[in-house]
Each structure stands twice: as structure tokens, then as C-alpha cells.
Amino acid sequence: MLPATRIHGLRVFLTALIAVPILQQWMSKPVATLISMLPLILLSVVQYRQAACNRHDWQAVRHHPDLWLTIMGKAVFWGILLVLLAIYPVHWALHALTAVGLLIGMLIAQRMSTTHIETGLIPVGALGIMGSIIVLGLPSTLLLQMALLLFLGVMGGFFVSPLHALLRYHVPSEQLPKTIPLDHVTQSAVMLTFVGITALLAWQGVTNPLLMTVLTATTVAGALYTLYHMPQSLLRFVFSRLFRARYRLKVLGFEHLPATGGVLLLGNHISFIDWALVQMASPRQLHFVIEKGYYERWYLKGFLNWFGVIPISSGASADSLEKVTEMLKAGEVVCLFPEGTISRTGQLSEFKRGYEKAVKGTGAVIVPFYLHGLWGSRFSRSSGFLRENRQSGFKRDIVVSFGKALPESIPAHELKQKVFDLSFASWEAYSHLIDPIPVNWLRAAKRMSFRMAAADVIGEPLSHHRFMTAVFRFAALIKKLSPEQNIGLLLPTSAGGAIANMAVLTLGKTIVNLNYTASSEAMQSAVQQAGLARVYTSKRFLDKLKERGIDIAAILPNTPLTFLEDLKAEIPKHQLLTTLLLVMLLPTRVLQWLYIPKIDLDATAAILFSSGSEGAPKGIELSHRNLAVNARQVADALNTLDNDVIMGTLPTFHAFGLLASTLMPLSEGIPIVCHPDPTDAVNIAKGVARYEATLLFGTGTFLRLYAKNSRVHPLMFQSLRYVVAGAEKLAPEVRRLFLDRFGKKLLEGYGATETSPVASVNLPDQLDTRYWKVQAANREGTVGLPLPGTSFRIVDPDTLETLPTGADGLILIGGPQVMKGYLDAPEKTAQAIAEIDGQRWYKTGDKGHVDEDGFLTIVDRYSRFAKLGGEMVSLTAVEQQVRQILGEAELELVAVNLPDDKKGEKIVLLMAGTYDEAAVKRKLLDSGMNPLMIPATIRSLAEIPKLGSGKTDFGSARKVALSL
């Protein structure tokens, strides 16, 4: 808004306020007021002439109804205020209270309009001015007069401040140099007319009480006229005050909303009150298109008609679409939810194409928007448990993001991509407001109290109270022993491992979970890169590793090892009891103050080292913001339930295991059942059955093991609600095998350590039994839709230009979960992160495409292509065809590319087991397989190299192939 000192009417009023007491010694008060105005009025005329305004400029203003009413509204207000100064019989110092009130009102109006113009203040101000003038015309005490004049000023500030902002909103910046002088000269003319008539009537003997009556009538007429033109703004203001008591609104891209002309707003539909929040974010009146079933309700119909709501049947009736077209042609703003129904998953569903017909030929623009913050509210279709988890305070943070105006011809799939991108912007803004994982964990743990927090399959469960006690006691010991920032952990997937990870986070320190399945060189490199002075581990766990031939003491001879068993023995029983009583009795805020320091969201929370499947491991820095946001995204997508229990099998050195199986459930109050060996199918199945686990995350390799193990009875997996496969491409035969064996559909997800790690997931389709519509959330062969707040872009790998929908290219992932960067490697970070339109996108190195509904399909990694005589051949496709031709869907094999003098590269196939290599090659040739895809060399191995996560170790496989 404009600074007060640049408001023409205010300057005239203040000048009169100072000059009138002086001039009044020689003339009447109305004449003194008139004379005091003349210098600034003449100045406005001079400025008008200097701006060279002409008839065309006047016509442009007059033919813009909103702009003309804005200018006249201000002019009439200042005219009324000056007349009151001229005729109201009080000391001039009391009128100064009006000036003070004006400044107060303007400041309040500015605070209420930080992200959008609060036009509801205009009718509120008009009513306040009317009430003040009416009461001032009645007999009253001095104290009441003072209060009324101050209140009049505040209401005046409410009235004129948004009008000044609207003037700049309605006028393009290049036209302001002419429009502002027109505004000033119009105000001058109206003020001069009002005061001039008043002076003339006073000169003719009209008394002050009669003049006050005329002024009151004029004010009442102006207020009623304002209410007639702005009833929606007044009601919106009232509703917004009620909503603001519960919701804190932030608006992004406000400048993208055109001030005039037809606009079709299209965005996501997440709750029953989306309309209210979008209207609060818009300065223009919106006409919403709503389901006819709601419109026909007798207690709503009249109210909705008053607001110009457009009813539409589920079939997108022609009459309703025609009404939308008419309103757009008339220059109105229409808001439509192209999904046609409220989301049942929190994700975007299919965009219906009815809007394309409605907007065609109207000359209107399309403005996309994304609304964040209402999933998990009572007005959404989220679970009751998720609603409890999202009640972190009395106020809920809401972000509305408007995108740039788009042409009316934009197809639905391109529009949906724009909304995905806006979800990225909305969540990015929200991520700066989110609490870190330790705070969310403490809040959830206090709420869950005596319920189970974590348990080992072979062990006793821990309640949240006991878990909190252990975390705070271990945190105190770690703080004493390790003043350094980075804390090394070498622990199995266990309740103890979860306690240690949370203890480090509550200190504001950085977790470094070491990969005990990596090579000695990789582990030593990780310790060195992270600068670890000490590693916290377990004697029992090291003994088990030693049985497998992994001697950690020998691998890390220069790094002190501190055993959790020893630390536990050092904790006096009275300290445990005292801490237990504190966590049971003290409120969350006090515990947070005692045990969790203020944590910088952008500080590094965890350093994870990449799998090294395609080279040396890199240290990946994930911030507290990255982890907290991704935990929230995953929980929102899963729509977590009160009875959910997670079966945690993935190691915490793996990003999926750390986030999805450890930190997310802890911060959401979901119990974890832990087992350190992801290949131990029987004990994992026992853990699922014993604790009735509902969520299981794993890799395709491990899930294949569970389905093939005859000792795992289908009833043991009966409680599972979702089984999500990630970290590697899910083979179709594993999907079929799991479904046939357990009756459970595998849901494939996707991500990378660099994205904290989850980026997308398939979810079960949801049926709306009211309108018999299905929200598609699962598409086999894809890795699903992006998580809320995440967006995919498919680009040319060389130019980074966006490719058409359906075209294969480099996959970019955008979202607030994208890593800080690689540890001490700014060059590598710059190579991996693309800055596009001010947003950070991670270059995955994967090749794939997005379909029209937003589902992502992975073709292969770019590094997993062999270039043979100029042709690019997917090594994954080679592996799939070999399995198909040999008729062995479960065959363990890997294809790698090696240098070749003739073709540039050649394909080498490594197969687990004993095979007649010549016979295999002959069979491939006889099958009619594309000659380019037939491996140049086939070799049998005892086993294919694997990483700790179960993924194929491509780096090691390539080294093996080179050595043969």
C-alpha cells in the first residue's frame, strides 16, 4: 500500500487541520477550511497538467467501473472529513485525534493486507464512518466526542487504505504516471465542491446542526452505496475473521491475478472449505462452481445465489458450462475445481476437461492455483488419526499459490503439471514454518503416552514414556562424550537404533549412520569425510557382524568405538526414574525447553552416503527441513490410521529406512516393529503377525524372498494395509508372486537419497460411493504420482528444456525435500542441482516419462544404457528379455557395459548359478532377439553382487566383469 505521506487527501486534511485555527481569526471556519485547501489543490492541478493528461485518459478511467468507484470513494471520504472539520464545533486539537486514528487505521489495514488486499475493510470502514458521524450529530460528552473522532479516523483508515492499494492494483504500472494525477485532481474537485457548498450554505445562514444533518445523510447514502456494491467483500471479511481465528493464511503469486477481465481459476480440491480460503486470498469477487447436490439444499440455496455460485451436475451439464462461459465473457472471475471431487488421498486426481469447453472463445485467461494446509483438517477426507497429528497448535498454516496466467487453450495435462509445480512452491513456503523432527516426535510421544513406541521382533515393546526416557538419557551422555557436530552410528534396525538416532537429533547434532555392508574402503571413506571422532555401536551387533566376516574394529582401527550397552550401564537408576517422571508429568512445551535446543531448520540433520552402486560413495547432506517435510509428505500420502504399525526392516544407513521406517513413524506417533535382517522372512512375518503391522516398506529383492519362503503363511501378512516397494525397479513377476501368495498388491514408489528420499508412490484407488467415481492413485508399471509438494519435470539431458508429455528424458525432482548438497563437494552439488525459475531441481540420472495424469514411468538410468554403434540400448531391457526368453522370471542376473574397440561398448551378462554359456547365447540368437541386445559375453557366477539394501551392486558387478 501507499505510504500515508503520499496520500493526497490526507495531506490536504492535515494542512487544513494546521491552517484552520490560524485563519479562523479572520474568517469563518468553513471559509478558513476552503482557503487552507487551495495550495495543495492548485498543486494537484499543476501535476495534472505536467502529466499531459487528455480526454482519452479520462475515458479510460471512466470506462473502468472499479477504478472510477475507487477514485470517487476516496474523494467523497476526504470531502466528508473536511466538511466535518469545517462545521463540527470542537477545539481543533480534538480533530487531531481523527488524524491519529487515520494513521492507526492505515497501519492496521496494512498489516491485514500483507499478502492480499483486504477489500472487506472498505464496507467495514464505511459502516464505522457512518456510525461515527450519526453519533457525533447527537448531544454527547467531551470524552465521548474524543473517542468518536479517534474511532472515525481508524474507520477512515480502514476505508481509504485498501482503496489506495486497489488503485495501484487496477492500473498497469506504465499508466500510473497519468492515473495518479487524475486521481488527485478528482479528489481536489470533489473536496473543493463539498467544502465550497458548505461555506456557501453557512454564509447563507444555514446552521451547523442542519449542516451536520446534511452531512450525516450524505455519509449514510455513501455507506449504503458501498454496501450495495460490496456485500460479498463484507461477508468475506466477516467469514475471514472467523477463519483467521483458526487459520493463518499466506498467499503466493498474488500479482499473477489480473485486476480486470475474465479469469478462470483452476486448482486442487482438498476440502469442503477450499472456496472460503481461495476467496480470502483473492481481491476480486469469485463465482464458484459447485456440485448441484450441495446447491439444491434449501438452507444454502439463497445464500449461494447471492454470491453468484454456479451449480453443476456430476456430468458437467451444458447449461452450467454455458453459464461459466457467459460470466467469463462478462469479465468475471470463476473458480472451478477440475478434479470434480474432493481428494481422498491428498494427491491430485484426474483433471476433467469440461473447463476447456467453458473457457473456449471467452478471451479469459486461466490462472492455476494450489491450496496447501487443509489435508488433515476436519473438512478434508483424511483419517481421524492424521487430523489429530496435524493439530500442532490452535492455528493451522494455509498457503495459497497462484501461478502465472495461462492461455485459454492450455490442455488439461499441461494445466495439471502447472498445479504440480505450484504444490512445490506451496510446500516450499510451508517448509519454513514446520517444526523439526524432534519437536514433532516429542509432541506425538506425549499424546500417545502409554502406547507402544517401538519393539524388536525378538524383545519387549517400549512405551512412548520409556522411549522418551531412553532418548533423553542417551542424549545427555552423547552430549558429554561428543562435543563435535557429526555423530557416527553403527547400529542395526532396532529399537535401540531408533533411540540413538532420535537422541542425536534432539541435540541438534548430525546423524551419520555407517553402512556396515559396504566395503572397508567405503566405510573408511565415510568416517573420514564426515570427520567422525567416535562411533556409537553395540557389542552384540559387532559380534554378529564378525560372524559374517565383518570386523569393524579392524576396519576402523583409529576410530574409538563406544558401546550403547556400556552407556546404558552408566545411567543411575534414580536418573532413569526422575526422567521417566518428568516425561510423564511435564507438559510438552516444558520438556521441549528442557531437552531440545532451538534447531535451525536449514542445518544438516543427517549425512547419508550413497549406495555406491555406480561409483564411490558420496556424502549427502539432508537438513532438518528436508527430513521434517518428507516425513510429513509420506504420512499425508499414506493417510495414516490410528491402528497403523510399521514393520521396519530396512537399515538406517539407507535413506528409505531412516525416513520411512524410523523418523516418520516416530514423528507421527506410529509404533515401529524392528528387525535387523531384512532377509529373515520368517521372523519378519512373525513380527507382522504378532504386532498386527499394517505398513511394510521394502525392496523388490526382499519382498521376493518373503513371497518365496514356504514357512511364511499368508495369514501372517493378513494385517498389512500397504506394502510399498522402493529403492529398485519392481519386477512384474514379484508383483504377481506377492499378490498370488498373500493377496496383497505391491505399491511401487520412487525416490533418491538426495530427495530425503521419497518422491512418489502408488496408492490404492479410492471409490467415492456418493457419486460413484474412482480416484485413480495406482497405475501398474509406473512409480506413481508425485507426493504432495513434489513435482517432476522431464527434460532434455543436455539443454534441460522441458519435453512434451509422454516423451522420455531426464527426470528432475523438485520439492522442499531436495538435499542441501553433497558433503564438501560444491562442484558435484552444482552438477546435480538445476536452478529453474528460482527453484531447485535434482537431476536424478534416470530416464523416464510422465503420462497425462502425472504418473511417472522409469525406463532406466542413463548410466545403465550401452552405446553400441551409435544406438542406445537399455541394460535393464536386456535383462528382462533374457529372463523372458529363458523362461526364468526369478533368474538372478545383471547386464553391464564395458569398453569395446569395434562398437565403442559391449554388453556383458553375469548370471547367478551354473549355465552353459554357449547354449544360453544360442537360445537368445534363435529367439529372434534384437542382435544389438544380445550380450557379447555371458558368464556364470556363484552370486550377483548386492548392496545392504538388497539392490544390485552395479559398481561391483562391473568390476567383476572387467576382471573376467
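Every residue, even glycine, has its Cβ placed from backbone N, Cα and C.
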The annotated transmembrane segment range in TrEMBL, which must be one of 121-140, 261-280, 581-600: 121-140
Distal contacts, the transmembrane segment (92-109) - CB-CB under 8 A, six or more residues away: 1, 4, 10, 13-14, 17, 20-21, 81, 84-85, 118, 121, 125, 145-146, 149-162
Long-range Cβ neighbours of the transmembrane segment (67-86) (under 8 Å; 6 or more residues past either end): 9-10, 12-13, 16-17, 20, 29-30, 32-34, 37, 61, 95, 98, 122, 129, 133, 136, 152, 156, 159-160, 163-164, 166-167, 170-171, 179, 182-183, 186-187, 189-191, 193-195, 198-199, 202, 211, 215, 218-219, 222, 226, 229
When counting Cβ pairs under 8 Å to the transmembrane segment (188-204), the leader among 7-24, 30-46, 121-140, 146-167: 30-46
Leading stretch by Cβ pairs under 8 Å, where the reference is the transmembrane segment (146-167) and the options are 30-46, 121-140, 210-228: 121-140
Summary of DSSP states over the domain 'Phospholipid/glycerol acyltransferase' (263-374), given as helix, strand and coil counts: 39 helix, 27 strand, 46 coil
